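If you check Swiss-Prot, you get these features:
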REGION    1-39  region 'Disordered'
MOTIF     11-18  motif 'Nuclear localization signal 1'
COMPBIAS  18-39  compositional bias 'Basic and acidic residues'
MOTIF     51-58  motif 'Nuclear localization signal 2'
Amino acid sequence: MPQNEYIEQHIKKHGRRLDHEERKRKREAREAHKISEKAQKLTGWKGKQFAKKRYAEKVAMRKKIKAHEQSKLKGAAKPLEDSGEALPAYLLDREQANSAKAISSSIKQKRLEKADKFSVPLPKVRGISEEEMFKVVKTGKSKTKSWKRMITKHTFVGEGFTRRPVKMERIIRPSALRQKKANVTHPELGVTVFLPILGVKKNPQSPMYTQLGVLTKGTIIEVNVSELGMVTSGGKVVWGKYAQITNEPDRDGCVNAVLLV
């Protein structure tokens, strides 16, 4: 490997930070604010150059949007039967409707139906900062090291979960804040059942919190609904189904969720 690629070498050897994706997302979100600040504060030659660059970017974006809209408006090609000219083999399918367009439209429609099917009760939730989520744990003989973190929210860990050795465990999930069951409400039947949690599907705060199994408001969890006796159209018993947490478990001490049907 060349000498100047030491950063790539370090990434391959040690990997990235645990919060790399979150930092990248925040950096990208700040870009708009930085551009706005530059547009307001830059003066003179630098201001002119910046305005020229932004103008070129906006023109390119408008052209791209216009081209995309034009491609949507174009339908099937007109048949050329009246011309009386013989067509080569590779142009014979021009008379038929554009199959690729039809397939694309059907895929989009299916996605919309799927999104409607799995629409959640809480589409937006409050963001949680890392300072609120993690508590710094001081370690070492003189308590000067602070690389350990303890999660302050309720979490879910699987059945066969075992903690890492104490000296290697970076993130601690306290036993007192672990949840195994949830109060799940069926929206159509109007009944609430105490069901075991199978796993955490998606935490809206961060992919890292999903991996750690953190249970916060708006989290999608998978619960065991075999007790409800739900069956599929084929007659098979439904084992697991998704539900969304509607309360704040760290305040209430329990997990309340609504089944996604």
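Note: Cβ is positioned from N, Cα and C throughout, glycine not excepted.
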Mean per-residue pLDDT in the motif 'Nuclear localization signal 1' (11-18) works out to 92
Which residues of the same chain, at least 6 past either end of the compositional bias 'Basic and acidic residues' (18-39), have a Cβ under 8 Å from a Cβ in it?
-> 50-51, 54, 130, 206-208
The motif 'Nuclear localization signal 1' (11-18), counted residue by residue under DSSP: helix, strand, coil | 4 helix, 0 strand, 4 coil
For the region 'Disordered' (1-39), DSSP counts of helix, strand and coil?
-> 32 helix, 0 strand, 7 coil
